[in-house]
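Presented below is the structure to which this report refers.
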């Protein structure tokens, strides 16, 4: 078995992107830069999301916050898992052999990303129930049922990819930065079809069906409200501003997150299907599509922070609290600092 960090067996280390190897640094420079950069972004971004959710109570009013926080924790674990290939590429010795390391890494990342995919599907179902059954929503969607659903998401995602340890085939290309995974662990067309039929296809169909109906119903509600306002305004001689469906704006935020997820994952899924069915492989394509898909773990943070006003207020409140605590800590350390008698002006969320 070849090792990616054993310099005695090869003149230079194994690199998926051969163009990124430099003799001066003796490691795969381009791969290290991409993976370490994404790892830092994913970990820092999702830590911020988790802290904001804990510090902004208004964000927890929606039941979808359960699933969004689940995605944030799963994405955070993706970032932590990416430390393994980062350290391996930098020649830090791994605690277990390379074959087991890349299998476990590929399995863990596949499970975590499928948790995000299943959570997005559950979010769309939750919003669909809120739109179609508003009167019975609180009795249908309870905190206990949400926790049970999250537990089933983790269990189901684990079971879908568990056969990869029983010689069913490779679940993805996440571990291909290790030489054993790239050269000795191959995909299987039947296992790939199994993953697509059990996870990718159902999640995509659920999302398409629910959001199509959500926006259709919201459009109908908006039209009815506009017609009623027009009749009322004509009777009273007043003009009112048209109102939109109250759930449509929040659904748009979730739809953006879902759309970006599938846009970033679509090249990976297409390549996964083509490579496992035809046997034609490309190291460059597998690396780029895989890490493009993994980059979604950071994109969720960006979309939510830019689209959700409550999240923005929570983020400002968190940053304000941190700045205030840092300022008070600095003032306490400096005995010559003149302290104000009154509390600093500011709003707390």
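Positions of Cβ are set from backbone N, Cα and C atoms, glycine also.
Here the topological domain 'Extracellular' (1-32) has a mean pLDDT of 56 out of 100. Annotation comment: Swiss-Prot describes 1-32 (among others) as topological domain 'Extracellular'.
Annotated N-linked glycosylation site per Swiss-Prot: 2 (among others), in sequence order, evidence recorded as sequence analysis.
Here Swiss-Prot flags 8 (among others) as N-linked glycosylation site, drawing on sequence analysis.
Marked as transmembrane segment by Swiss-Prot: 33-53 (among others).
According to Swiss-Prot, the topological domain 'Cytoplasmic' annotation covers 54-75 (among others).
Annotated transmembrane segment per Swiss-Prot: 76-96 (among others), in sequence order, evidence recorded as sequence analysis.
The topological domain 'Extracellular' annotation in Swiss-Prot covers 97-104 (among others).
Taken from Swiss-Prot, the feature transmembrane segment applies to 105-125 (among others), supported by sequence analysis. Residues 64, 67-68, 70-71, 74-75, 77-78, 81-82, 84-85, 149-150, 153-154, 156-158, 160-162, 164-165, 170-175, 178, 181, 185, 199-200, 202-203, 206-207, 210-211, 214, 254, 257-258, 261, 265, 293-294, 296-297, 300 of the same chain sit 6 or more residues outside the transmembrane segment (105-125) yet have a Cβ under 8 Å from a Cβ within it.
Feature annotation from Swiss-Prot assigns topological domain 'Cytoplasmic' to 126-147 (among others).
Long-range contacts of the transmembrane segment (148-168) within its own chain (CB-CB distance under 8 A, at least 6 residues past either end) are made by residues 66-67, 70, 103, 106-107, 110-112, 114-115, 118-119, 122, 188, 190-191, 194-195, 198-199. As annotated by Swiss-Prot, transmembrane segment applies to 148-168 (among others).
Here the topological domain 'Extracellular' (169-191) has Cβ contacts under 8 Å with residues 1-4, 14, 16, 31, 35, 85, 88-89, 98-99, 101-103, 105-107, 109-110, 161, 163, 268, 272, 275-277, 283, 286-287, 289-290, 294 of the same chain, all six or more residues outside its ends. Annotation comment: Swiss-Prot describes 169-191 (among others) as topological domain 'Extracellular', evidence class sequence analysis.
Long-range contacts of the transmembrane segment (192-212) within its own chain (CB-CB distance under 8 A, at least 6 residues past either end) are made by residues 114, 117-118, 120-121, 124-125, 127-128, 157, 160-161, 163, 168-169, 171, 251, 255, 258, 262, 269, 272-273, 276-277. Marked as transmembrane segment by Swiss-Prot: 192-212 (among others).
According to Swiss-Prot, the topological domain 'Cytoplasmic' annotation covers 213-252 (among others).
Counting only same-chain residues 6+ beyond the ends of the transmembrane segment (253-273), those with a CB under 8 A from a CB of the stretch are 64, 113, 116-117, 120, 123-124, 127, 172-173, 187, 192, 196, 200, 204, 207, 211, 285-286, 288-290, 292-293, 295-296, 299-300, 303-304, 307-308. The annotation transmembrane segment is assigned in Swiss-Prot to 253-273 (among others).
The annotation topological domain 'Extracellular' is assigned in Swiss-Prot to 274-283 (among others). Secondary structure by DSSP for the topological domain 'Extracellular' (274-283): 6 helix, 0 strand, 4 coil.
Summarising the annotation, Swiss-Prot assigns transmembrane segment to 284-304 (among others) and lists sequence analysis as the type of evidence. For the transmembrane segment (284-304), the list of distant contacts is 16-17, 31, 34-35, 38, 41-42, 45-46, 48-49, 68, 71-72, 75, 78-79, 82, 109, 113, 116, 172-174, 176-177, 182, 253, 256-257, 260-261, 264-265, 267-268, 271-272, 275, 311: same-chain residues at least six beyond its ends, Cβ to Cβ under 8 Å.
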_Residues of the parent chain within Cβ reach of the topological domain 'Extracellular' (274-283), under 8 Å, 6 or more residues beyond its termini_ = 16-17, 169, 176, 182, 187-189, 191-192
_Based on DSSP, tally up the residues of the topological domain 'Extracellular' (169-191) by helix, strand and coil._
8 helix, 0 strand, 15 coil
_Are there residues at least six beyond either end of the topological domain 'Cytoplasmic' (126-147) with Cβ under 8 Å to its Cβ atoms? List them, or say none._
63-64, 66-67, 210-211, 213-214, 217-218, 247, 250-251, 254
